[in-house]
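Features of the protein shown, as given by Swiss-Prot:
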BINDING   SER364, SER365, SER366, THR403, ILE444, PRO445, GLN446, ALA447, GLY448, ASP477, ASN484  L-aspartate binding site
BINDING   GLY395, ASN399, ASN484, ASP488  Na(+) 1 binding site
BINDING   THR397  Na(+) 2 binding site
CARBOHYD  ASN206  N-linked glycosylation site
CARBOHYD  ASN217  N-linked glycosylation site
INTRAMEM  347-377  intramembrane segment
INTRAMEM  427-460  intramembrane segment
REGION    521-543  region 'Disordered'
TOPO_DOM  1-47  topological domain 'Cytoplasmic'
TOPO_DOM  69-86  topological domain 'Extracellular'
TOPO_DOM  109-122  topological domain 'Cytoplasmic'
TOPO_DOM  146-237  topological domain 'Extracellular'
TOPO_DOM  262-270  topological domain 'Cytoplasmic'
TOPO_DOM  299-319  topological domain 'Extracellular'
TOPO_DOM  342-346  topological domain 'Cytoplasmic'
TOPO_DOM  378-386  topological domain 'Cytoplasmic'
TOPO_DOM  414-426  topological domain 'Extracellular'
TOPO_DOM  461-473  topological domain 'Extracellular'
TOPO_DOM  496-543  topological domain 'Cytoplasmic'
TRANSMEM  48-68  transmembrane segment
TRANSMEM  87-108  transmembrane segment
TRANSMEM  123-145  transmembrane segment
TRANSMEM  238-261  transmembrane segment
TRANSMEM  271-298  transmembrane segment
TRANSMEM  320-341  transmembrane segment
TRANSMEM  387-413  transmembrane segment
TRANSMEM  474-495  transmembrane segment
Amino acid sequence: MTKSNGEDPRAGSRMERFQQGVRQRTLLAKKKVQNITKDDVKGFLKRNGFVLFTVIAVVVGSILGFSVRSYHMTFRELKYFSFPGELLMRMLQMLVLPLIVSSLVTGMAALDSKASGKMGLRAVVYYMTTTVIAVFIGIVIVIIVHPGKGTKEHMHREGKIEPVTAADAFLDLIRNMFPPNMVEACFKQFKTSYEKKIFKVTMPANETAVMTSVLNNVSEAMETLTKMREEMIPVPGAVNGVNALGLVVFSMCFGLVIGNMKEQGKALKDFFDSLNEAIMRLVAVIMWYAPIGILFLIAGKIAEMEDMGVVGGQLGMYTVTVIIGLLIHAVIVLPLLYFAVTRKNPWVFIGGILQALITALGTSSSSATLPITFKCLEENNKVDKRVTRFVLPVGATINMDGTALYEALAAIFIAQVNNYDLNFGQILTISITATAASIGAAGIPQAGLVTMVIVLTSVGLPTDDITLIIAVDWFLDRLRTTTNVLGDSLGAGIVEHLSRHELQSGDAEMGNSVIEENEMKKPYQLVSQENELEKPIDSETKM
């Protein structure tokens, strides 16, 4: 039935219900505001104090950094000025090694092989999906905006790039997964270096025939039948830094073996559980110092910038393009993916990891941020420890959405600067190489610049042109690190949601095993009690 004027009465009732709902929510909000007490304010500040202090530290650090630029401090003065920030980095990096090992061992030991296999597969699928999406966003944005207009002659260059071969870089990645010495893996990574070697090469047959006809002396002919050739050959080398990939692989295998050992491996499992708990308590202490360290890290980096004008012009457009790409991925794609899988509010989840994101912005290292990320996810967002201990260390090592997006975008920007038209095949090569190279980028500051060489080499672009973008990389590195940490954290939430049935069944099995263990102890206790009753009062042994 409809009204005489043709209006649908249901539409009017829906509008009335909507208006009534809005009025009720408004009244409820007013009541909540009116009922706020001093205790509520204190409780809010207590719960979110760390986050507020960290946000204030970022703002104050930015203001302080721009304020002291006018003093033109020397390199030594800048080092002294940034010293509190350096202390924070050292404290966080101190905890990374034991945290990666203990968390992965305990996480893998707490799961059976079937559950850990399913969880690992879900994590890898998530990592690959988000990385491919990030690369796609970076390529589309840089093609649409086209920040590489103009010529590179007027652009500022900075730094020096070491040559590297793509094949050697990928082989190094695999070599680092299996370190020959676990102690050395704690402070060194394998890296192929190059040295010049001179070879004697035999001349081709047609050239030798001419030479022998010209030369009558046989000995002279034999000497001239060879010529010298120089070649850069790969030799084994090493660089300072934790081999995170090797430790991750070893810890996962070690934890899986301990879990399968059941009762025999309980002592080792308890040891790593205690170690993990001790590290997290140290993190709680360091978190009080984090705002001060972040303040001076940001202030020192801003004061260190040589020329603010470099950020303008062509590099300014490049910077804006990277920021737009990272924002689309971090603010739209990742939250949408989290909501689509879990049907939960992603912004509530992101609010719980806000301090980890700000720490990533300040430290520019996803590995250094790992202790804070653990604490935020487990305490604020109540993510299962078995998930965080498994997903976060692996994610901090191989899941680099921000880095993948940046590398694909920067490679095409360098092609545009050189007026180099890329065809579809070359763009596809860039996307595949950027995805693979981001896996090899360790969670250390400015690792993206190193792997960028691999991406440029894959399509024949000049690697020296990386020096064009180094001037703004310190800032963009912080943004892509924040994106990486956000991707790892949301990934932990998604994997936990998808693995909830395995986790619940694991809890049930653990409960049953405890009951069985108690039941097995009871007969023994009864027998021992009976034996004690049968013993004589005089317990001395008779000769």
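Here the Cβ of each residue, glycine as well, is placed from N, Cα and C on the backbone.
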> Excluding the flanking five residues on each side, which residues at least 6 beyond the ends of the transmembrane segment (87-108) place their CB within less than 8 Å of a CB in that stretch?
Replying inline: 116, 186, 242, 244, 247-248, 251-252, 254-256, 258-259, 268-269, 272-273, 275-276, 279, 282-283, 286, 289-290, 292-294, 297, 362-363, 365, 367-372, 374, 385-390, 392-394, 396
>> Under 8 Å between C-beta atoms and at least six residues away from its ends: which parts of the chain pack against the topological domain 'Cytoplasmic' (262-270)?
In response: 105-106, 109-110
> If the Na(+) 1 site is taken as the center of the Cβ atoms of GLY395, ASN399, ASN484, ASP488, which further residues of that chain fall within 8 Å of it by their Cβ?
Replying inline: TYR127, SER366, LEU392, ALA396, ILE398, MET400, ASP401, VAL485, GLY487, SER489, GLY491
> Among the recorded stretches 238-261, 271-298, 320-341, which has the greatest number of Cβ pairs closer than 8 Å to the transmembrane segment (387-413)?
Replying inline: 320-341
> What does DSSP say about ASN399 (Na(+) 1 binding site): helix, strand or coil?
Replying inline: coil
> To the transmembrane segment (271-298), which of 48-68, 320-341, 474-495 is linked by the most Cβ pairs under 8 Å?
Replying inline: 48-68
> Between the binding-site residues SER364, SER366, THR397, whose Cβ has more other Cβ atoms within 10 Å than any of the rest?
Replying inline: SER366
> For the transmembrane segment (123-145), which partner among 48-68, 238-261, 474-495 gives the most CB pairs under 8 Å?
Replying inline: 474-495
> Distance between SER366 (L-aspartate binding site) and ASN399 (Na(+) 1 binding site) at the Cα atoms, whole Å?
Replying inline: 10
>> Quick check on the topological domain 'Extracellular' (69-86): DSSP residue counts for helix, strand, coil, in that order please.
In response: 14 helix, 0 strand, 4 coil
> If one measures from the C-alpha of SER364 (L-aspartate binding site) to the C-alpha of the residue listed as 'Na(+) 2 binding site', what distance in angstrom results, rounded to a whole number?
Replying inline: 14
> Hey, how far is ASN484 (L-aspartate binding site) from GLY395 (Na(+) 1 binding site), Cα to Cα, in Å?
Replying inline: 9
>> At a 10 Å cut-off from the C-beta of ASP488 (Na(+) 1 binding site), count the other C-beta atoms across all protein chains.
In response: 34
